[in-house]
Amino acid sequence: MEAHMQESRSEDLIQQRSYWRWRKQDFFPEFSFQSFSSYKSALFATCPRLADRLLSRSSDENELDAGRRESEYSMRRCLTWWDLLWLSFGSVVGSGVFVITGQEARTGAGPAVVLSYAISGVSALLSVLCYAEFGVEIPVAGGSFSYLRVELGDFIAFIAAGNILLEAIVGAAGLGRSWSSYLASLVKNDSDFFRIKVDSFAKGFDLLDPVAVAVLLVANGIAMSGTKRTSWLNLIASVVTVCVIVFIVVVGFTHSKTSNLVPFFPYGAKGVVQSAAVVYWSYTGFDMVANMAEETEKPSRDIPIGLVGSMSMITVVYCLMALALTMMVKYTEIDANAAYSVAFAQIGMKWAKYLVGICALKGMTTSLLVGSLGQARYTTQIARSHMIPPWFALVHPKTGTPIYATLLVTILSAIISFFTSLEVLSSVFSFATLFIFMLVAVALLVRRYYVKDVTSETGLLKFRGFLFLIIASSIGISAFWNAGVRNWIPYAVTGVIWFIGTLGLALLPKHRFPKVWGVPLVPWLPSFSVAMNLFLIGSLGYVAFLRFIICTMVMLLYYLFVGLHATYDVAHQPQQEAKFEGER
């Protein structure tokens, strides 16, 4: 009775507050930030606090219940598997297939770009299976952030959270730039037509793009207005996309020449693998749909059907589109910026280039719409944990959407898209995405084999040893390949080590089983996902590693000065939270 009265008083207090509030307590309610002296004390305790958070793990219950209360109002459960399937299609089929395909067919893999898409598709499907199991077990808005926080701990989750936000911001900026390029190619046959050249800026940052900023603002504005409305708009647009894709494939094969496929491997096997790492961008977006689990009517049914079904369909579609393009036009004659539009003009169907260009614009628009939904929900869950100010976790009572979280991603992505070229954005985006997918596969293995107070110390030691063999051998294979080693012996040795590590896990007893739906063939499929993601990461090149390291170092600085102390207070000082709750 008393608990019910306290809950009622809490709801009354929430209803009395305005959503549009800007007080310091809304941004930094934790005890460490209440005064300069409390913050100084927190900084002096950084080392023991860091040691505490390195070992701290969240729980399913905390992510499902306690975290949601930070948003004050609930998101609305309004999506079915049908909605998720088309949201996934609309999110994934965007700029990648229309822009990156031409780029990689021309300079990366040649006609073998179809194999690059197949390799990336298999890797993406393995990641989809891992996401689907977690989405069923922990149906919250945080997606991979919540999964990693539960299984790998707060610190790893923060590194992932920083890369999630980086992925969201860079991905949206890249879509904005692609949208601008395609519109310009339709109007003037010049992808930079709408951009403003500034010679004094560094290369890659010297073309200012106001059109990209405008389209980001419009798409995110629609996403803030309501989830179901955005879903319906995406469904209508995606059906149109399917019709145009069928047209592209049919016409492409009708005007195909098998001679255009010769040579099939002009850049060798290494070119195919490197292109697979880049075209992986074309498959990203399904993780945004996984974030919609909190708004799904029946997660145990809807998430596996929506995610696995859509990704299987998309992989086949991408391979057919890539094959149609390279059979229709010789790879040396493909336009790297607007491949499909120019390809139709080259075979005499100038009118079709406008149809393809409009379809590409529409596909990018739906990717922006669905991306806006997913990115905001990522940000919401990160804010619920207090790794960023909890003000960003607030859900608007009327729209049922996290408006502040959406605005954060919108503003940052608009600024980046204004300055940064698509080439610079694509390498950063691919690294962050593959890194997170690899961590999710590791987290799934941890979930199945390690349960606190159940797994013995000996069992935990064996698990860590076998997991180390899997990761180390996967890194070894990637390192040998990208170093140009073509002798079969190093690959055989590292492959055997990977097999021993995976077999060792298979022989260990599992301590947790999925309640409703789970990944089949555990640990083999998650272990293979780890290997493939690390292999693709290794193919991205030195510059992508450098940018990733720099971004991660910036994130760590923020964590040491802000995020660490906020999450420590939430975990260890509930009385302080209660004290200041009444002042908010």
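Cβ atoms here come from the backbone N, Cα and C positions, even for glycine.
Please treat TrEMBL annotations as automatic predictions, because they have not gone through curation.
Of the given residue ranges 342-362, 489-509, TrEMBL assigns the label transmembrane segment to 489-509. Looking just at the domain 'Cationic amino acid transporter C-terminal' (517-566), the mean pLDDT is 87. With a cut-off of 8 Å between Cβ atoms, the residues of this chain six or more beyond the transmembrane segment (516-536) that come close are 119-120, 122-123, 126-127, 129-130, 132-133, 136, 273, 276-277, 280, 300, 304, 430, 434-435, 437-438, 441-442, 444-445, 448-449, 470-471, 473-475, 477-478, 481, 498, 501-502, 505-506, 510. Sequence-distant contacts of the transmembrane segment (112-135) (same chain, at least 6 residues past either end, Cβ-Cβ under 8 Å): 101, 104-105, 143-144, 146-147, 264-267, 271-273, 275-280, 282-284, 286-287, 290, 293, 299, 303-304, 307-308, 311-312, 314-315, 318-319, 322-323, 326, 437, 440-441, 443-444, 447, 514, 517-520, 525-526, 528-529, 532-533, 536. Distant neighbours of the transmembrane segment (155-175): 50, 53-54, 56, 58, 94-95, 143-145, 148-149, 212, 216, 281, 284, 364, 367-368, 371-372, 374-375, 378-379, 382, 385, 387, 409-410, 412-414, 416-417, 420, 422, 425-426, 428-429, 432-433, 435-436, 439, 551-552, 555-556, 558-559, 563, 567; these residues of the same chain sit at least 6 beyond its ends, with a Cβ under 8 Å from one of its Cβ atoms. Here the domain 'Cationic amino acid transporter C-terminal' (517-566) is broken down by DSSP into helix, strand and coil counts: 40 helix, 0 strand, 10 coil.
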